[in-house]
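To start, the structure itself, in structure tokens.
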Amino acid sequence: MEICRLLLFFAAISSIFRLIHATSGEDDPIYQACVGHCKKTGCVGGKCFQHCDFSSGENPIDGPWYLQEPLYQRWKQWDCLSDCRYHCMIAREEGRQKLGLQPIKYHRKWPFQRVYGIQEPVAVAFSVLNLAIQFHGWISFFILVNYNLPFSPKKKPYYEYTGLWHIYAILSMNSWIWSAVSHSRDVELTEKLDYSSVVAFIGYSLLVAILRAFNVRDEASRVMIAAPIVAFVTTHILYLNFYQLDYGLNIKVCIAMTMLQFILWVVWAGFTRHPSRWKLWLVAAGGILSTIIKIYDFPPYMGYVDADALWHAMSIPLTYLWWSFVRDDSEFGTTTLIKKAK
């Protein structure tokens, strides 16, 4: 019965994938005319931008590389083309709203309201909070296994997955750092770093789930299991960075790996009767719900909170509960090994 439910769930997810699409607001003739005019004059309506300086007679957007703004300046503040696109998008959406039309995406992004130059302020705030929760969970786990739990005669923690969880924490914090950066200023470089770090983290999370669920302790066996996963994740990251930054493919790969590890954890907790299995089940249920919300991809409420920001918000309590399970598992594993040693 449980297998049937899982198959039905994946069928539902597959049907949801067909709903993933990006309405091309950049193809709107009014928007295109606005951006074209701004690229020539540096103004949208009565607002002109300091980045668009045409006094030299050259267009800094289409001109030679030495007339374009340097990368550090484009990172610190919005460049001419970005300002043109942003203000034309806002102006066009205001017009559409008066006509009773729903928001649409421009260049694969919803129309967000900037705050102090930050592109998606709510998502950035939640990313930073997730980073803080991950750091707190990692430090609490580090203190537990190194100072509160007994060591083996080899002067090492009894819990044999300690090193794996340390790497997990580092990859997770790295992904949230780049998430905050990418949502602050979305350019091709930050987007690639965000996608790559998330894929690396999810791929490693799947590896940890397999090793823990099947209780793999031998180093040679761990390497054999890790090799195909590392190869797949590396290939996918190279594809995104050097061939095509395919958002649709990337989200399918990430969701597939995420759901697979949720299934592993839930089934393992049920079969082993782990004392903290209820925490795993709550994290899995919350993770599936947040994933469905992310797939739904609704436009930002009041220009600030979209599906992605809400997914970030839901990750905060789930992360706290997850690290609570990891600490419980380390205590459970240590106690079990000490009893066997006696």
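Heads up, residue numbers simply count up from 1 along the chain you see.
Backbone N, Cα and C define each Cβ position, glycine as well.
Unlike curated records, TrEMBL annotations are generated automatically.
Note that this is a predicted model, so its numbers are computed, not measured.
Database features (TrEMBL):
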- 1-22: signal peptide (SIGNAL)
- 122-149: transmembrane segment (TRANSMEM)
- 161-181: transmembrane segment (TRANSMEM)
- 193-211: transmembrane segment (TRANSMEM)
- 223-243: transmembrane segment (TRANSMEM)
- 249-268: transmembrane segment (TRANSMEM)
- 280-297: transmembrane segment (TRANSMEM)
- 309-326: transmembrane segment (TRANSMEM)
Review point. Counting Cβ pairs under 8 Å to the transmembrane segment (280-297), which of 161-181, 223-243, 309-326 comes out on top?
Key: 309-326
**Study point:** For the transmembrane segment (122-149), distant same-chain residues with Cβ under 8 A (at least six beyond the ends)
**Key:** 157-159, 162, 165-166, 169, 172-173, 176-177, 179-180, 183-184, 304-306, 308-309, 312-313, 315-316, 319-320, 322-324, 326-327, 330-331, 334
Practice item. Can you tell me which of 161-181, 193-211, 249-268, 309-326 gets the most C-beta pairs within less than 8 Å of the transmembrane segment (223-243)? Key: 193-211
Point to revise | Spatial neighbours of the transmembrane segment (309-326) far in sequence, C-beta under 8 Å, 6+ residues away | key: 120, 122-123, 126-127, 129-130, 133-134, 136-138, 140-141, 165, 179, 276, 279-280, 282-283, 286-287, 289-291, 293-294, 300
